[in-house]
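Take a look at the structure set out below.
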Amino acid sequence: MDKHLLETTVSKVLDEMRERPIPLGVSNRHIHLSAEDYARLFPGRPISEKKALLQPGQYAAEQTVTLAGPKGELKNVRLLGPLRSTSQVEISRTDARTLGIAAPLRMSGDLKGTPGIRLISPFAEITLASGVIVAQRHIHMSPLDALILRVTHGDSVCVAIEGTGRRLIFDNVAVRVSPDMRLEMHIDTDEANAAGADAPGAFATLAAPR
């Protein structure tokens, strides 16, 4: 195969790979707990896996808590594992109104200046001084995915939600690149409802900014 034909073939393959669907992950309200906070809420009870998530090593746990805010409560909020260094609560704007909490839009882990909340388990309750956020929509990917899609960690991209009958483009989608991540876009339930992302054929693709 001559050089020009090889380059043309490689370019075509890469173009096709760039157009492949990006899996959608709809994040319902959930919590991450530090080992210390977990031990206080579930004393003497090890965290147990209920269902593996797409991202390697991450899972939905059997354990749930109630979120209690100034105006209301949300019950059966799932704990995601493994345990982290700092506790964090991720909710939607709709959830924030139910709870009466002014949760800011943040990337996971960016918790400075965030409001706190009361967590209630079947065994105990604690109050977090901070840690409640509305998660910024984002795409997880490996370095190879980033190379194919021509993006880098920290980029902000536009993404179209397709296959729903009500195509919707989201801008300000953060790119998160890590060697141990698999390609997946994360949106919350408010965003998913707006896009009809619960449709069986729903998927995401990178879109050109307007």
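Yeah, the Cβs are placed from backbone N, Cα and C, and that goes for glycine too.
Record check, Swiss-Prot: Zn(2+) 2 site residues include His138, His140, and the candidate from His153, His186 also listed there is His186.
Site annotation (Swiss-Prot): Zn(2+) 1 is bound by His30, His32, and the candidate from Glu62, Glu73, Glu90, Glu125 recorded at this site is Glu90. His32 (Zn(2+) 1 binding site) has Arg78 as its nearest neighbour among the binding-site residues Val26, Lys71, Arg78, His138, going by CA to CA distance. His32 (Zn(2+) 1 binding site) falls within a strand when secondary structure is assigned with DSSP. Checking Cα-Cα distances from Ser27 (CoA binding site) against the binding-site residues (Arg84, Glu90, His138, His140, His186) with a 10 Å cut-off leaves Glu90, His186, in sequence order.
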